[in-house]
Amino acid sequence: MNKNNTNLLSVGKIAQCVTFISLLAGASVAQASEEDDSIKYVVTLGNPTNADTNADVVSFYFDIPEPVFNVDVMDFQLFNGSDGAYIDSVSLIDSDINRYELKVVTGGTGTSLASYMRNNGTLKDSAGEDAVVTFSGALPTYIIDKTAPDAPVVTDPIYNFDQNPVIKGTAEAGSLLTVSNSAGSQTCSVTVPESGEWQCSTSPELPYGEITLTATTVDKAGNVSEATHHKVLVMTIGGDEDGDSISNEDEVNITGTSPVLADTDGDGVDDPTEIGGDINNPDNTTGDAIIDALNPNNDSDGDGLSNQDEIEFGSNPLDADSDDDGLTDGVEHDLGLNPNSSDSDADGIADSNEDHDGDGLANAMEVELGMNPNDSDSDDDGVLDSHEDTDGDGLSNSLENTLGTDPALVDSDGDGVLDGDEDSDFDGISNILEINAGLNPAQEDSDSDGILDGQEDTDGDGLDNQTEIELSLDISKPDSDGDGVNDGQEDTDDDGLSNALENILGTNPLLADSDSDGVEDGQEDSDGDGLTNAQEVSLGLNPADDDSDDNGVLDGDEDNDQDGLPNLLELSMGLDPTKEDTDGDGVLDNDEDTDGDGLSNELEVTLGLNPNLSDSDDDGVLDGDEDSDSDGINNIDEVDAGLDPSQADSDDDGVPDGQEDTDGDGLNNQTEIALGLDINNADSDDDGVSDALEDNDGDGINNETEVANGTDPASADSDGDGIPDNEEDSDGDGIPDLVEIANGTDPNNADSDGDGIADGDEDTDGDGISDKDEIALGTDPASEDSDGDGVLDIDEDSDSDGLSNGVEYSLGLDPTNPDSDGNGILDGDEDADGDNLPNALEIQIGTDPTDNDTDNNGILDGEEDLDGDGLSNQVEVKLNLDPTNQDTDGDGVLDALEDSDEDGLSNIEEIRLGLDPSNQDTDGDGNIDSVDLDWDNDGIKNADEMPNDMLIDEDGDGIPVYLDDNDQVASILDDDEKVHMHYDHDRDGILNSLDPDDDNDGIQTIVESGDIDSDADGVPDYLEPNNRDTDGDGVEDYLDSDDDGDGVPTLTEVEELGHLQLADIDGDAIPDYLDGDSTNVAGMTDGTGDSDGNGISDRQECNTGMVCPDLDLDGVADYLDLDDDGDGINDIDEIGDDARNPVDSNGNGIADYREQDASSHPEPEEEVVETSGAVETVIDGGGGSTSPVWLILMAPLLWLRNKALFKNKNNK
């Protein structure tokens, strides 16, 4: 049981240990804890064995049945002992029973401790507590060891020349090793160190000879190992125990062989033989780490068998060929032969000459060549060993065997010529060439046909082998250089004759002119028959006889191959006159088309054409396209159709081939051929449709119809006019021929039914659209509702431009084009009648887009107000409002009162003011219209450009004079229903308040709008255009004080009627200051006086033009009436001092002399109103008020807007 303070016993071992502890004198063992399968325990010792209570030392005893090592004082600790007591020692006092004594010193100072001992002998401390001895610190573990150590290993020595050898080995560390010898005595004993490696010296000396050493070990627990036996040979130096001629010490120290075995490896070869001649460098034929003498698998004779195997097989391990038959023992063994017999099967053939693998090579030869005689393809390359060329001389091994050359030597006879280049059979061809050509190099006539191999033509190229060799050609290849030309057809000397021909002629194929006569051999014509020698030879003719067969036909005119072509012609065509199919393509030469004109050679000869020329007569037409028999079908088409191009009527029926209808499909042959159809098949493409009903050109008209109509069924545009046949309108009736054909009308008659109406103008379905127009629309002229959707074709909108087809026709538009005029505006958005309403809208609201005044009421449709909301139709269109709905957006506010541009003015207000209701800032000056004081940006305020009194309500009916037809005040319109010049000075239709150039002189009003009045006539220059001279007096108006020359100064005429600026009394559209007769009253010109003497000129009082006014209706015109208003007060008394500014007592804008009750009106009050930073004075004339907005709203209407309102005014 070993103690180890760092490891604890397992539970089982501790329990066992405890049972072996014999507790003496009340000793006890208590288990302290169990941790990790281990038990810690406390030993408590009771009364000491001696009862001397005064003793200085007290002993405790305990027994352990088995040995325990390293039990010492440090294992124990004294508790509750007397002061100064300590454990002095623990020792084994009886090894037989493993009894230990533990001594405790009772007083460390030597003082008697009797007072600390009790009567029972128990050691007490000063407090009377029992003293206890237990383990100190970490509790020690005692481990029981009952396992024997492994048997020791003895490694050295094996041989020894000393009788006191050092013995070495390995064993369990800490164990006690003992070695004894076979002589019966212990040799040595040693404790094994921690490394486990031990050694010891023998004592006493060992005897000479073989001694057996026995070694055992005992571990600390007393366990004994098994014994190890080791033999040691103790020898004398210089001896040779095994008698192998190698001394013991050399075998031990140098070779490593056994000094007691002459054949250490037991392979049948003794050590000296295997070691070789140099003991210090023993043989090692295998090249491994083991010398031959120690390797039983060594092959001493190199025959492929190990020595050991040869001993087993009975062969000689020192003789590679034991039977001397030329085969090594190893090879014979592998072949299953007897290495000790040269003829293993006793068949009379030596084993070396047998062909074991059947590859054509004898076993011995295969061995010689390094091949496996047991494998017909030793290198597994797919080539039999006999077919291999081991020495690379071009001859196979088997052939060399046959020829008697050495397949292992390229030059067997050492004559400097390779075996392959030798001519073994003396036939003029080298061995290798014969082999390549399939000849036998061992026989001069390989095929035994009586012709030497050199004279044979092995490759069939027309040259004998000998000649080919002379020409450095390959006798085994008909095309040696691989250029696609047969060697016989090659012309080595370039004389025009092939090598083969020259071979036949006996000329030299290496010399172009064999006879040196200046004419190359090939160009000679020895017999003068037109064929050169070369040509005749190629034909099998005699080049010395012009008629080789004596048949009366020259050789050149003969047809040797019977292909219908004379020899000379064939030669000229590059054909072979000896072969009917020169190129072997399966087509006879006469059927070939050499010139590619579509006609066979033979046919061209028959037709008298040249088969070498595609255009024999050089007329620009290929022979194939010629019509040799003039039957209307060219040659090639006749050939393709199976007709005879040399006969116009191939079947002799009296009808030319071109007009025949061979297959009866309704199309003559000429037509069918032109169409690429089969004249022998009525349905050429077998699609179930007759060729006549096919539409070959895809123009929608079948072939038969096109023929009948005279169009080309092979061309979609027969006349090449750019219009396909199916769109042609041959009769010009507006309907394509194809449609007429489908409808049953005559495409060649514009009026098929003869009713006087062209087919295109007919309306077959009565839907209001002519047939030709329906064709253009893609509708059916036979159905009024082509698509069956319930909408008549005429009401459809084919081009989706918002207009029905019928409407587009009525407007002269194209119903197939949404933008007929291509101006980028859809037809529906166009304004055909110029009434400012889009066509589509007019259709929608029920007006006529072709009539700008649909109801003929004198008002344009655009100016009408269909929904009565105060806005014209055109204005509503511009504002994206519905002219048929007073409240387009349904918000309860009439469209007229909406403010579309959100400028603070309603639409109607802007219209009446001549402003743009779709633009917040009509003049673009940065001020929105509702606060803009100068709408036309001419520098003159709106109020200055509009007559003030045009806002007056003359008759008190709530309507200002410029709108009232019943107030006896002149309209702002003249007789021509144009705005008077004083509202629109230049008569351009734009009110002065909106006109940037009031006088239309090209100078902006803003430039002219200062106070400049060059002639001081009261008319500013900007209203008197430069260069105008009204009265023709040579003084331009802007410098003339009396512009009209009527004797009344312009200033007077301008200011005379203060309530009207630029007055025009007679309404002739000529302002008074430019009108010499402003009243148009007979006998009264502007220069006359004042008839009634009231201070107001007659001209001023009679200002209506046609009828002078009579204000009080007393029958006396005002210009003659002293009291115009009939209030009993003469006019002169009411006018005041200045007739040009008559008194207006109540300030209501009406002079007193024109108002009967002028004094009844209260004095007007002034109210100052601020608008947009400007201060304006507004007159409240009688309880009512006039706001600035009202003043703005009551500005002159744009002339175009008010044309209708004032239309009849001048008729009153």
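The backbone N, Cα and C atoms fix where each Cβ goes, and this holds for glycine too.
As the structure is a computational prediction, the values presented were derived from the model and not from experiment.
What TrEMBL records for this protein:
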COMPBIAS  239-252  compositional bias 'Acidic residues'
COMPBIAS  395-404  compositional bias 'Polar residues'
COMPBIAS  412-426  compositional bias 'Acidic residues'
COMPBIAS  444-462  compositional bias 'Acidic residues'
COMPBIAS  481-496  compositional bias 'Acidic residues'
COMPBIAS  514-528  compositional bias 'Acidic residues'
COMPBIAS  544-562  compositional bias 'Acidic residues'
COMPBIAS  582-596  compositional bias 'Acidic residues'
COMPBIAS  615-630  compositional bias 'Acidic residues'
COMPBIAS  649-664  compositional bias 'Acidic residues'
COMPBIAS  718-734  compositional bias 'Acidic residues'
COMPBIAS  782-800  compositional bias 'Acidic residues'
COMPBIAS  888-899  compositional bias 'Acidic residues'
COMPBIAS  1152-1163  compositional bias 'Basic and acidic residues'
DOMAIN    162-230  domain 'Bacterial Ig'
REGION    239-899  region 'Disordered'
REGION    912-957  region 'Disordered'
REGION    1008-1049  region 'Disordered'
REGION    1080-1101  region 'Disordered'
REGION    1130-1167  region 'Disordered'
SIGNAL    1-32  signal peptide
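For the domain 'Bacterial Ig' (162-230), the model gives a mean pLDDT of 83. Beyond the compositional bias 'Acidic residues' (239-252), the same-chain residues lying 6 or more positions past its ends with a Cβ under 8 Å from any Cβ of the stretch are 159, 161, 233, 258-262, 270-272, 275, 279. Residues 491, 493, 495-497, 501-502, 505, 507-508, 534, 536, 542-546, 555 of the same chain, all 6+ positions outside the compositional bias 'Acidic residues' (514-528), place their C-beta atoms under 8 angstroms from a C-beta of that stretch. In the compositional bias 'Acidic residues' (544-562), helix, strand and coil residues by DSSP number 0 helix, 0 strand, 19 coil. Highest Cβ pair count under 8 Å relative to the compositional bias 'Acidic residues' (444-462), across stretches 395-404, 412-426, 888-899: 412-426. Only residues 6 or more beyond the boundaries of the compositional bias 'Acidic residues' (649-664), in the same chain, are considered here, and those with a CB under 8 A from a CB of the stretch are 629, 631-633, 638, 641, 643, 670, 672, 678-682, 691.
Helix, strand and coil content of the compositional bias 'Acidic residues' (649-664), in residues and according to DSSP, is 3 helix, 0 strand, 13 coil.
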